[in-house]
Structures are given as C-alpha cells and as structure tokens.
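According to Swiss-Prot, the feature ATP binding site maps to Gly10, Pro11, Thr12, Ala13, Val14, Gly15, Lys16, Thr17, an assignment based on sequence analysis. For Thr12, Ala13, Val14, Gly15, Lys16, Thr17, the entry in Swiss-Prot reads substrate binding site. The region 'Interaction with substrate tRNA' feature in Swiss-Prot is assigned to 35-38. According to Swiss-Prot, the site 'Interaction with substrate tRNA' annotation covers Thr101, Arg127.
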Amino acid sequence: MKTKIIVIVGPTAVGKTALAIEVAKCFNGEVVSGDSQQVYRGLDIGTAKASPEEQAAVPHHLIDVREITESYSAFDFVSEAKMTIEDIHSRGKLAIIAGGTGLYIQSLLEGYHLGGETPHEEILAYRASLEPYSDEELAHLVEQAGLEIPQFNRRRAMRALEIAHFGQDLENQEILYEPLIICLDDERSQLYERINHRVDLMFEAGLLDEAKWLFDHSPNVQAAKGIGYKELFPYFRGEQTFEEARESLKQATRRFAKRQLTWFRNRMQVTFYQIGESGVQDRILSQIEEFLDD
C-alpha cells in the first residue's frame, strides 16, 4: 500500500509555506522542503525559508542540511526525502512536501532518481529539447527507440525517452507514494506584484548583507547560483547601481515563476487553485480531508 502524501507546489511568492503550515496543523503533519536552495545554512532571506517561529510551530525538514560550499542534487534530495517521509509516516503523521523545485519533486514522485555522472542540468536540457515536439512526434521517437508505453501520454513518453537516453543515470524504482498535488497560482499581474513586493521585503530584512556575505566567501559555489544572490553580484563588483541590481532580481524572479508554472502545468498531474478566489483555503483543506479519508 502506497503512502499518502500531500504535495504543495507553485511559483515563488504564491504562499506555499503558509499553506503547508496550515495543512500540517490541521492534519497532524510535518513539512518537507522541496526547494533546492533552502538546504543551505546561512541563506535564509533570499531563499524565503520558513521563519524560526514557523519552524517552531510545525516541524520542518530538509532545511539547513548543507554548508554553502557543498553541492546538492536531485539524487541527494530524493534519497533524503524518502528517509524523511518514512520517518514521518512511522510516527503516524502526514508528510507535506512543499516547494518550487519541480525537478526534485517530480523525481521523488515518479519513482526514479538521478544518479551516475550526468549533471541534472544536462537532463533538464534534454527535457527542454523534447518540449517542441508534438504528441505524434514524441510517439514516433518512442517507437524509434523501441520503447513500449501503456496508455500513452506526453509525460510518460518524455520520461521513457529520458531513461533510454541517459541509461543507468536514470534508474527506475518502485513508486512509493500516492500524492495529492496542489498547485497554487494567481492572476499573472497579481503574482508579479507579489513577487516585487516580496523582493522589497527581503531587502528590508537584510538580503543585501546576506548576499554580500555569500559573495565575499564563496561566489562560485552552487549555492551562489540561485536566484536571489547572483543578481546582486554585479552591484558588488561595481558594474551596476543598486537600483539596477534590485530590478534585475525582480525580473529574474518573475521569469523564474513563469518557468515554474510551465513545469508544473506540463509535467505533473496537479490540481490548480487560484489564491485570489474566495474560500480557496477551505476548499483545499476539504479536498485534502476527502483524499486522506478515501
């Protein structure tokens, strides 16, 4: 019997953390971060980690588990998330995965992990190369590769082609979970306004100092490549004004949100909720209750 879990995804600044905490309180749950940047100690503001008060109210996992000089991959996430979910479930509690790193969450849910020597950037690039193909063209590629896909759909076709292309670097494993995947969204202009406002709040909270600390200590590590930090490095090098760097960060974050939505819409079977609609949280909680009782 597969373990039921709740998965909360969506673009940055849409309110995933707040919803995850509310779900955890209502259903005796614990939150597992599905964010590739929140694993790093010392990077708190730019990664929008749950506050110390929020983490005290509800247990959070896979936050602050790496130093900024250490790497972190989808393989690491899947391995650690599986152990964490098993521990949460063994204590009779509900695991709630919340985050915006689509590759990590999809890898966990679809029963394979990324191992071997292939960087996940190469896998992302390969996936992106398949996007322009129509369903008919994908079916032809699947046939050419000698693959058989029961109940053909686009997602299964792309996954099968990835496995065939990368060989042992994509290892099939048993699918362990029965997820309810909730994707939060907002009207585009409202979402962009939320993003701009959150960036302003981050600067008020000390983002510039946090980014400067990273720039001074480890500007070339993986942790420094995340949105929220690298956009400020030109300012530290004297190549941009502060206002130019701040606007660059806002623009990069808006573009990132758009890519996140595209990923969740095209690659995962989600239930969308518009956060601006009246009573949306009550409807989400009702759906979760029905899912858990089923």
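Placed from the backbone N, Cα and C atoms, the Cβ positions cover glycine too.
Annotation for Ala13 (ATP binding site): spatial neighbours Ala48, Leu191, Arg194, Ile195, Arg198, Thr253, Ala257, criterion Cβ-Cβ under 8 Å with sequence separation of six or more. Report note: the ATP site is defined by Gly10, Pro11, Thr12, Ala13, Val14, Gly15, Lys16, Thr17, and the residues of the same chain whose CB lies within 8 Å of the CB centroid of those residues, excluding them, are Gly100, Leu184.
For the recorded positions listed here (Lys16, Arg127), the lowest count of other CB atoms within 10 A around the CB belongs to Arg127. Between Thr12 (ATP binding site) and Arg127 (site 'Interaction with substrate tRNA'), the C-alpha separation comes to 22 Å. If you take every residue in the region 'Interaction with substrate tRNA' (35-38) and average the pLDDT, you get 95. For Val14 (ATP binding site), other Cβ atoms within 10 Å of its Cβ number 25. Apart from Thr12, Ala13, Val14, Gly15, Lys16, Thr17, the residues listed for substrate, the same chain places the Cβ atoms of Gly10, Pro11, Ala18, Ala48, Gly100, Leu184 within 8 Å of the centroid of those Cβ atoms.
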